[in-house]
Amino acid sequence: RGKQCSDPFTSKRVVAPLGMWYTPNSGIWQTVWLECVPKEAYIQKVRILPNIDNATVTVTAIVRQEVFKRNHGLFVKVFAGSELVGFASGSTHHPVEVKLIEGHKPLLWTPDNPFLYDVEIFLHNSIIPKGSDEPVDRVRSYTAMRKISVGTDVNGVKRLQLNNKNVFQYGILDQGWWPDGLYTPASEEALKWDIQMIKKMGFNMIRKHVKIESQRWYYHCDVMGMLVWQDMPNGSVPAVWSPGG
């Protein structure tokens, strides 16, 4: 609906948006940054999957290498505050599963208590690094021990659950629009302010409407305890299988 014009010279451009139509725009409107990385190899992306039932954290890393090597290894540490509560190592070719240490009860993430675990991921030249080996690369991230699932209540009705408990989601539809920047917030504080105000109003969920927001926005939702429904961006073109297609 006009959120970003891929071809501003066609007749599809919304010259005078009204009603539900967004103001069209083009160019860079989200965060761009430059990052220095090791030449030999570096961690390009990580996926962290918590499992509250098994008290595990599984880390999958995508590694970019100048020359393909089979012996790169990962070493993962999980912290609850300053306390080391789990660690494991493995190959970059497989996910690394970290079992939280015995005696540590997982601190579950909820909107009322959005506890986050810190995660450190080290990339080494070998699967079993020696004590003196320095890591090739290191990434710091975070995760939350939480589970989203569907369960059945006492009346046989399907319910969305958070951490194996029914959760009532009370939320708003967020267009991700700022009057002084259109789809780009004026500052980091502006990005946080919306979530803070929604939280103060008593809501625990935001449905982000047909827009992929800045990754910083999702981070602040994690920190502040806000559930997120993510819409799929679309071009408002009926599918061939739809009644109107």
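Note that Cβ sites are derived from N, Cα and C of the backbone, with glycine treated the same way.
Copied from TrEMBL, the annotated features are:
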| type | residues | note |
| --- | --- | --- |
| DOMAIN | 41-124 | domain 'Glycoside hydrolase family 2 immunoglobulin-like beta-sandwich' |
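Averaged over the domain 'Glycoside hydrolase family 2 immunoglobulin-like beta-sandwich' (41-124), the predicted model reaches a pLDDT of 94.
When the domain 'Glycoside hydrolase family 2 immunoglobulin-like beta-sandwich' (41-124) is classified with DSSP, helix, strand and coil residues number 0 helix, 51 strand, 33 coil.
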